[in-house]
Every structure is written in structure tokens, then in C-alpha cells.
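As given in Swiss-Prot:
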- H201: active site, proton donor (ACT_SITE)
- H201: active site (ACT_SITE)
- K203: active site (ACT_SITE)
- D208: active site (ACT_SITE)
- H416: active site, nucleophile (ACT_SITE)
- H201, K203, N218, H416: phosphate binding site (BINDING)
- F438: Mg(2+) binding site (BINDING)
- C77-C239: disulfide bond (DISULFID)
- C81-C237: disulfide bond (DISULFID)
- C366-C487: disulfide bond (DISULFID)
- 196-223: domain 'PLD phosphodiesterase 1' (DOMAIN)
- 411-437: domain 'PLD phosphodiesterase 2' (DOMAIN)
- 1-38: topological domain 'Cytoplasmic' (TOPO_DOM)
- 60-490: topological domain 'Lumenal' (TOPO_DOM)
- 39-59: transmembrane segment (TRANSMEM)
Amino acid sequence: MKPKLMYQELKVPAEEPASELPMNEIEAWKAAEKKARWVLLVLILAVVGFGALMTQLFLWEYGDLHLFGPNQRPAPCYDPCEAVLVESIPEGLDFPNASTSNPSTSQAWLGLLAGAHSSLDIASFYWTLTNNDTHTQEASAQQGEEVLRQLQTLAPRGVKVRIAVSKPNGPQPQADLQALLQSGAQVRMVDMQKLTHGVLHTKFWVVDQTHFYLGSANMDWRSLTQVKELGVVMYNCSCLARDLTKIFEAYWFLGQAGSSIPSTWPRPYDTRYNQETPMEICLNGTPALAYLASAPPPLCPSGRTPDLKALLNVVDNARSFIYIAVMNYLPIMEFSHPRRFWPAIDDGLRRAAYERGVKVRLLISCWGHSDPSMRAFLLSLAALRDNHTHSDIQVKLFVVPADDAQARIPYARVNHNKYMVTERATYIGTSNWSGSYFTETAGTSLLVTQNGRGGLRSQLEAVFLRDWDSPYSHDLDAAADSVGNACRLL
């Protein structure tokens, strides 16, 4: 039995009624709270933005140091890149007025020189911008002489000029280079014969690491008025220009006394941009993918696509047509002893025509220095054109006409182009198409993929079709006397 308990109510002290705040103080408190939230938000955004900015600056400065995985694409380039095809049309070679036309090589070079502010790097095969080598007073040499005069003004006005040139294997005029040295330019000769048994056949300029020229034209007065040349000038495209400078820096390094090709190139020479991860650029107002390739493979640091691999990739990815304009086409190691067959490009073209039904057109140069053995290989390719196999390969020879005076100019009157265009891609290079140029000789190419009409690709296609349909293009079975004695392949 429970004891009887007396319960008492537990008394809790009554709370005093809270005093109400005046309305103006409440509103002030709410305003202060709102302001604090905004300040915190702004602070957070500032920290995030600063972090993003520092990350971008870090990648911009050190992005080449293998920070990207195999499946990660580098950041796009936001430069307003402008590409302009430039040509040298030999005197006396005339197209109809309505034909495709482009600015001249000399006009483009002089414009680049006039606009140079801080630096000019030139990779070159040889130098003869005056006609001293011919011991004549050839009037058409004036454009080359003017280019040399303007080059001599750069160093005195504070522009750093560096020239990498192939070391000659024999006697070669050096007056141009001596004049440039005296004006303050720096010159290094690259002994490619010792390094790879080849030559430095590259032809490009980089101006202020912002603009560049790349193409077939040598530093030769004939390349401006007596030889048919094609190249591209890229304006306001520092992303690509800086990448091309890396190729130049490799030549510059190899031009030092006693230098050799590194077994592994130091990281500053590496690139992020290649066949697998091309640079995303805005080219002439249109999205495009671009990268630079190099030859021979020992001169390709990490990330750099070899020139031959890049060329074959364009061939293998063509689905409609492949148009090629090149001075020499030889599926051999041209300078090899004993002789060696080299079918890498030839196989790719045959496969494209036979397996995928791609229309293949080759416009090959014919002049007094053409290798006669080229004819048999060209006939072999052309023989694949067959209604039963539906293979469509055509070959034509381009002959630059010459009068008696022009015919006496040595190493002139030839189509020196080195490019390819498909329905998808543009390839503009500095090499002839035979094995040694890709395995031993230094060369560079620009590759661009761009959709739509009016871009670089369609402009190059128009140039090819103009030349292909011109009276200067001849079938392989044309009569030799119909084109004069300049062509050795008929």
C-alpha cells in the first residue's frame, strides 16, 4: 500500500512580457542581415573567381607540362585568327580575270615586316633574295631585293631577328645572310646532314609570336616572280604562332656548335596540340580545328605529330575527294643508296580510291629538273582509273610556260606547291612527297579542319580547281611538243 502523499503545484516564476522593439529598429536589423548575406555572397564569388583566374593563368603558363590526361582536350584559343592564302604567280602565267586570285607572297611578306614590333623568327632552306647568283640584272629580282632591304631595317629599330638556315653541303651564296648579320640579325646554320642525313627544308616566318607565314616559298627572289608558290599567312593567332615558335626553337637549339638531337626533348619543346588534340580556334569567324606537324620524327618532341602521320590521317579520313598539288611525287627514298621503295603515301591513295571510292586528283609539276622515274609511278597510279573497280584517280602535269629569256633563269619556271585539300581538311606543307623528305629532312605543315563554305579549305579547293582546269595542266599522254621542252615527264 502506497503512503498517502500530499501534492503541491510546482510554481514556475512567470516570464516577464518581452518588450517590443520599435519598427524602425526591426527594419534596420533586417537590412543589416540582408547586407551581410550579400557581402558573404560577393566574397564567395570573388574567391571562386580568383581561383579560376589563377588556374587559367597557371595553365596558360605551364599547360605544356603534361597536365592533361590522354582524353582531356586543351582549352580553346580565343584569338580572332585570320587565315589568308598567298601565292606567287610567275610572270607570264596568266589566268582569266574571273579566276580565283590571292594576295602575292611578296605583298604578304612586306606587310609582315612592316608590322613587326618585337621579334621575327625565320626557318629557311637557303637565301638568294638578290640575283647575284645569276650574275645578271634581272628586273624581276626587284621584289626579292626589296624584301632583303626591309629585313635589314628590323634589328636597328629594335626587332629581334633570328634566322635558322640549312648548312649548305657545298658552295652557296651567303651575301644575304652576311648583310643581315651586319644589320644585327642572329643567324644559325643547322647541320641536318650530320644530324639526320637531310636538309632543313622548312619555310616559315613567325612575327611577334602573333602572326606567321608557312608555305612553299624559299628565301629566293625567284620564289616571288619566277616560281609558282602557295602558302598561308595567319594573322592575330598567337596560340598557333607560339606553337610554331616551339618548332623554330628546336632548329635554333640544333644550330648551336656541336649540338645533337636529344634522346628526349626537354619539356619546353613539348606541345599539347596534335592530331589527337587539335587546337580549337575561331578562323575567319568560323570554328576550326588546327595543329602543326613536323618532320623528321627525331625532331618531334612529346605531343608533336610527325608530318607523315598527319598527311596520312588526312588521306585516310577523306570520304569524297583528295586534291594534291606537289612538285615531286615519288614513292621511293629519293636519296637512298641502295635504292629503296617507300609506298606509304602511295598505298594510302590507292586504298582511298579502291576501298572508299574517293576521287583522287594529283597535279604534279613538270620542268627541266623533274626526275624521269616519276613518270612510271604516276602512270601506275593513273592506271587504277577503271569502270569495273570504280576507282577514280587522275594525274596531270602542270607546266609553267617560259619565253627564251625566262628559260635562261636557273631553277625557275616551276609549280613549287606542296598542299592537299579534301572535303574535310586542309594540309599546307613545305616538303616534296618522297620518303626522304619525311624521314630525314626537316619540314613543317599546317593542318586545318573546318566546315562550311568560304573558309580556308574551300579557298584552297578553288585554287586547285583553277589550276587543274587551266591550259597549263596536261594529261600524262599529252604530246611532248605541245608543251615545249621544259617538261621531262612526257
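From the backbone N, Cα and C atoms, a Cβ is placed for every residue, glycine too.
Given the structure is predicted, the values throughout are model-derived calculations rather than measurements.
Distribution of Swiss-Prot features across the structure.
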| residue | record | Cβ within 10 Å |
| --- | --- | --- |
| C81 | disulfide bond | 24 |
| H201 | active site, proton donor | 25 |
| D208 | active site | 18 |
| N218 | phosphate binding site | 22 |
| C237 | disulfide bond | 25 |
| C239 | disulfide bond | 21 |
| C366 | disulfide bond | 27 |
| H416 | active site, nucleophile | 27 |
| F438 | Mg(2+) binding site | 26 |
| C487 | disulfide bond | 20 |
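This prediction places the mean pLDDT of the domain 'PLD phosphodiesterase 2' (411-437) at 98.
Distance noted between the C-alpha atoms of H416 (active site, nucleophile) and C487 (disulfide bond) is 14 Å. With K203 (active site) as the anchor, the candidate recorded positions are C237, C366, F438, and the one with the nearest CA is F438. F438 (Mg(2+) binding site) sits 28 Å from C81 (disulfide bond), taking the C-alpha atoms as the reference points. Other than H201, K203, N218, H416, the residues of this chain whose Cβ falls within 8 Å of the Cβ centroid of the phosphate site are, in sequence order, F125, T202, G215, S216, A217, S223, K418, T430. Shown in sequence order, C237, C239, L240, M279, E280, I281, C282 are the residues of the chain, 6+ apart in sequence, with a C-beta less than 8 angstroms from the C-beta of C77 (disulfide bond). Listed as Cβ neighbours of the domain 'PLD phosphodiesterase 1' (196-223) (distance under 8 Å, sequence separation of 6 or more from its ends, same chain) are residues 86, 88, 105, 108-109, 112, 115-131, 138, 140-141, 143-145, 164-167, 169, 176, 190, 229-238, 240-242, 244-245, 247-248, 251, 261, 296, 298-299, 327, 335, 409, 411-412, 416-419, 428, 430-431, 436-437, 440-446.
Using CA atoms as reference points, the recorded positions C81, H201, D208, C366, C487 were checked against N218 (phosphate binding site), and the closest is H201.
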